[in-house]
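Taken straight from TrEMBL:
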TRANSMEM  6-27  transmembrane segment
TRANSMEM  39-58  transmembrane segment
TRANSMEM  64-86  transmembrane segment
TRANSMEM  98-120  transmembrane segment
TRANSMEM  132-151  transmembrane segment
DOMAIN    141-199  domain 'Cyclic nucleotide-binding'
TRANSMEM  158-178  transmembrane segment
TRANSMEM  184-205  transmembrane segment
């Protein structure tokens, strides 16, 4: 593929990637449940914007569908599904328990960012002729690592779900720069999974809260069938 694309598009995608990372960090360290959800929504908006930039720069019509589906499912559908399934666990004003302090979490996040960058570095020369891969691929991998760390860091099931969702965002952010010719059917199939997963986990969260009175997962191993 011809690597000559508009410098404006490259700069714009770079700015979006920086915002994407900052919003992912917000998901990781936010102390309010609603704040965590809002950071995820805005990160999904950034993912949508990146898909639009790449669609225009690469003349890839399928990326327009990716942008539309991403916005519809992650910015609109997922919050609505969680509001219905998890209720006040999402929209109530409450703090999120986590295993580390914010400063320690940021330090670990910085370390994971370096790990992600150096892990993908050997692959980048191979993708030298692929526009945007030099930026989107390491950014996406970093977000996958941050999402996994968020799942391990948080002690609330809803916040752990946000970690899984930003992992998916990271995978999409990296892949749209490499494989942008997927069929619309494949894109829809992948996107529909996200609200379905949110629905299932939201219903599970509501059931857990009904039985235990909390959504903290740290003590779930002590539960037993009566």
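Every residue, even glycine, has its Cβ placed from backbone N, Cα and C.
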Look at every Cβ pair spanning the transmembrane segment (98-120) and the transmembrane segment (132-151), keep those 6 or more apart in sequence, and say whether at least 3 of them are under 8 Å. yes
State the mean pLDDT for the domain 'Cyclic nucleotide-binding' (141-199). 77
Considering the transmembrane segment (132-151), which listed stretch of 6-27, 39-58, 64-86, 158-178 counts the most C-beta pairs under 8 Å: 158-178
If I count Cβ-Cβ pairs under 8 A between the transmembrane segment (64-86) and each of 6-27, 39-58, 158-178, which range comes out on top? 39-58
At a C-beta cut-off of under 8 Å, are there same-chain residues at least 6 beyond the transmembrane segment (6-27) that contact it? List them, or none. 35-36, 39-40, 42-43, 46-47, 49-50, 53-54, 56-57, 106, 109, 113, 131-132, 135-136, 139, 142-143, 146-147, 150, 162-163, 166, 169-170, 173
Do any residues, 6 or more residues outside the transmembrane segment (158-178), come within under 8 Å Cβ-to-Cβ of it, and if so which ones? 17, 20, 24, 27-28, 33, 36-37, 39-40, 43-44, 47, 50-51, 54, 63, 66, 70, 74, 78, 82, 86, 89-90, 96, 98, 127, 130-133, 135-144, 146-151, 194, 197-198, 201-202, 205, 215, 217
